[in-house]
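Per TrEMBL, Na(+) binding site is recorded for 78, 80, 81, 85, 335, 367, 432, 435, 436. Per TrEMBL, compositional bias 'Acidic residues' is recorded for 13-22. Feature annotation from TrEMBL assigns disulfide bond to 183-192. For 1-37, the entry in TrEMBL reads region 'Disordered'. Annotation source TrEMBL lists transmembrane segment at 72-90, 102-123, 144-170, 250-269, 281-305, 325-349, 361-386, 420-445, 465-490, 496-520, 541-560, 580-601.
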């Protein structure tokens, strides 16, 4: 199709409030700046030249950028490298064949993780928008932006509870002995025990490891005895009720921890990326320092080598099991934070010519490397714990909250200078989750600010006010999770709202829209316009074929093998709880088809005309200098200038 055909007036018009007040302007072609640049920017973006609507207005260009590019790298590291790298990957590796699991994992990194990770960052950088506005590249599919904002909102709401529990444990880590290391407290029962070996010694070495969602110490559950750390967790921290329908009262201590955590998040992001970019240097680097200290200490403990061997011991027969490949793919989409929209928001603050292609590979290496290294830290300690208790490592291996709040605290209590290691561990846990939390909130805020009309009530408010409203809303919802039935609510959010199904659905449509609606070759041209060269063709092939097939394959596997939500391998959620869970999942998934249907029905003209009109990109003002001079463009009225606004101009 020729450029003239792309820009032709197809007669299809839509009732779009964003196209009401526009002024006609002629874009300029920038001259090559400077002579010492490594790679000269192309004068005209091929992707922009091949498409665009002269009757479509462009977004505003007054957008802050990172003070230094390292701010962006650290923010992405802080967001993508989170608790899942420490408490999920090591267990999956051990469960799925040890070192053999690295084969499907690395393969999935290159066909799923890095391509979509790069796509989201590059898309945000190219469009200079976050959330819904990112998908101006194909306005018919703005539902992708809505879906990602719904998912990240749910994540922001429930993920912070892990930080709340971590802060609670941290506050109780300054006593010796540690409160969960002994029995005899007010929250303990007569069945409390600290001697694991006397009930676990005769367990079969082939006993199956605990369920991922289970929070029990497996070898005690058949005897009626309860470990001291389990009772501290369920009876002191959670004050667990009998089920989802037994809400109970609110824990005052947890409310204080919740309030303190949200206040920290608020002041980390209230000024935007300029302030958040400074905080992430601490929150991204500190956990690595603690991991190194814990590793050095862990390998010096008796039994540590057995734990590491258990972690890496290859079981080649596992490669033939479908579940191993499914776990690898699901872990990639979880750990790379794909589909949440925060990566596009972070990328939107990059300079237009930032080498996001290089950044994607660097961040992928850091992310996966952290997961692998965390396994050594975790299993060296679990090996020590198993040796001290005289049990097999399979009896102490846990995943998720079971590792963070049961297995590891128990192991720490067995070490010399237990309070010191407890403080370090929970401080690392808190900081590791904190940067993921506030970057996730920043991504949501970016989407909200980009979506609000400037003259609306919220759009006219200062950023600090909008951030406060969002944080308070999440805080209010979180109050349901600090009740006695709060853990059941938390697991409902965790199992459904940001599950593998929702993230895979989101990633699938992102690849399809960019590769098949906008055009993989055109987007490769756009990337070349930004970084000065075209990425490897394998990226285009992944977006077009490999990654969508992987996403749909794993998606249908999860759907076919769906199991009802169970807590602690005992409590089965009621039917209305499952209905609520599916409402959380579908509230994001249905955003995509419903938005497409709504836009098509509210557009005039034939179906082909509607499609052509609604898939024509809406360019931003920063694209002006890369548009060919013969094509006009409609621009939004410039934002009102004030002392806090810095205007950028194209100069001939």
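Backbone N, Cα and C define each Cβ position, glycine as well.
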Which of 335, 436, all binding-site residues, has a Cβ with the fewest other Cβ atoms inside 10 Å: 335
Around the Na(+) site formed by 78, 80, 81, 85, 335, 367, 432, 435, 436, list the extra residues of the same chain whose Cβ is within 8 Å of the site's Cβ centroid. 77, 79, 82, 83, 84, 337, 370
Same-chain residue ranges lying at least 6 outside the transmembrane segment (325-349) that approach it to Cβ under 8 Å: 63-66, 72, 75-76, 79-82, 84-85, 88-89, 92, 95-96, 101, 104-105, 107-109, 112-113, 116-117, 120-125, 127-131, 134, 145, 148-149, 151-152, 155, 273, 356, 364, 367-368, 371, 436, 439-440, 442-444, 446-447, 498, 500, 502-507, 510, 550, 554, 557-558
Touch test for the transmembrane segment (281-305) and the transmembrane segment (144-170), at least 3 Cβ pairs under 8 Å: no
Under 8 Å Cβ to Cβ from residue 432 (Na(+) binding site), same chain, six or more residues apart: give me those in sequence order, or none if nothing qualifies. 81, 82, 83, 86, 283, 287
Could you state the whole-number distance in Å separating the C-alpha atoms of residue 192 (disulfide bond) and residue 78 (Na(+) binding site)? 39
Restricting to the same chain and to residues at least six past its boundaries, which positions have a Cβ under 8 Å from a Cβ of the transmembrane segment (72-90)? 66, 117, 121, 162, 273, 276-277, 280-281, 283-285, 287, 291, 311, 331, 334-337, 342-343, 346-347, 349-350, 354, 359, 362-363, 366-367, 370-372, 374-375, 377-379, 399-401, 403-404, 429, 432-433, 435-436, 439-440, 442-443
Whole-number answer please: how many Å between the C-alpha atoms of residue 335 (Na(+) binding site) and residue 183 (disulfide bond)? 37
To the nearest whole angstrom, state the Cα distance for the pair residue 436 (Na(+) binding site) and residue 183 (disulfide bond). 35
Take a look at 102-123, 144-170, 250-269, 361-386, 541-560 and tell me which one has the most Cβ pairs under 8 Å to the transmembrane segment (496-520). 541-560
Whole-number Å distance separating the Cα atoms of residue 183 (disulfide bond) and residue 78 (Na(+) binding site) is 38
Using a 10 Å cut-off, grab the number of neighbouring Cβ atoms around the Cβ of residue 81 (Na(+) binding site), all chains included. 27
Close approaches to the transmembrane segment (541-560) from elsewhere in its chain (Cβ under 8 angstroms; 6 or more beyond its ends): 108, 111-112, 115-116, 119, 322, 326, 329-330, 499-501, 504-505, 507-508, 511-512, 514-516, 520, 523
